[in-house]
């Protein structure tokens, strides 16, 4: 009897064991891994949700929706004015003309002089505080709310360009004798760094013509039209990409370096302002250089004088040790590689959130810091650098700026000041097309459905010494 009972129990447990194995869920087959775009969205929900709070659902929806464009009129095309009128008849307005207003020419000089006088005083004050850290420390103790470091100042010095660069200086770089040294970037250099800030006066290039539809208008621009020699009369550009070029504050005969120039939209915008005398377009990857060259061949006529302003270079902008262009440019644009948030949630090809690209994505802040360090070394004293990304991530935005400012000060003796973008933000917000999110440094354009631009982060730094 005991043998029968033991056999029955054994048979019973055997049935349960086989039943469990037979119907066990095959996770690998029934639940496939998430796509890179889905992983990116989960990542953004986790990190950006708390950062943006109630704004995040709107920003998230904007990221997942098609972005909107501006039409940049190509004034190098022979019949751009006729096509400009066509877009005007469709209801597209001239964005910069509406911001400038009718009375700008009369008011700009008076305001410029007033702001310049304040800026000269504030610049000397900042330099004095930097050279006398004990004084700065006492001031910080008595005025903890950044009364010194975030005080209103004014426009920086309007300084004329030092002249055109020779081909030799462009090819070989300037002042490379004692600057070639290896710098280790840890990502913590910016802890405790406070960057002086001053107000900045903006004026918008008269030669730039940018068309945009009003907020919430669902019309799309037609395909760009071409003149008789095949040069398009305009091209489409994300509205956020306009701001870094405006933030440069280009002046007549400036020399401009675009450190990560491909695909070339921002360099072309700078050329259309008719202000720079030389535009050096740099990119390290041959494929991107080819893309840049095709853009120039498409939008710049062969017989145009503008084509002579461009110089194409292939240098690794992230190599601090071998970089050899020092104090060579009046303005430097640094549109660095980033996580490209909008593309990350919409496409899987080349997505940095794929498993194989994890380390590349984690290394982005260090790469960006090195590029910005080289940019600050390349700009002349009194010149400006505009840093920009198309991500919402603070670790690729404000943190990179703080780290780079600390590195150039400690390792190269370069002192910088942040230029306030308040005027630019105010003007663009008043157009009804842009929405900004407050940041400790710079300005951040965030997507929103009625006029879906960005994301785009910009920060402007001026070199004092």
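Even glycines carry a Cβ here, placed using N, Cα and C.
Per Swiss-Prot, the S-adenosyl-L-methionine site holds 260, 261, 262, 263, 264, 265, 266, 316, 335; the candidate it also names there, chosen from 283, 303, 349, is 283. Between the stretches 66-105, 106-145, 146-185, Swiss-Prot puts its region 'Disordered' entry on 106-145. Reduced to three states, the DSSP call for residue 260 (S-adenosyl-L-methionine binding site) is coil.
The local packing around residue 316 (S-adenosyl-L-methionine binding site), expressed as other Cβ atoms within 10 Å of its Cβ over all shown chains, amounts to 16.
Taking the Cβ of residue 266 (S-adenosyl-L-methionine binding site) as centre and 10 Å as the limit, one finds 23 other Cβ atoms among all the protein chains shown. Here residue 390 (active site, nucleophile) is positioned 13 angstrom away from residue 266 (S-adenosyl-L-methionine binding site), judged by their C-alpha atoms.
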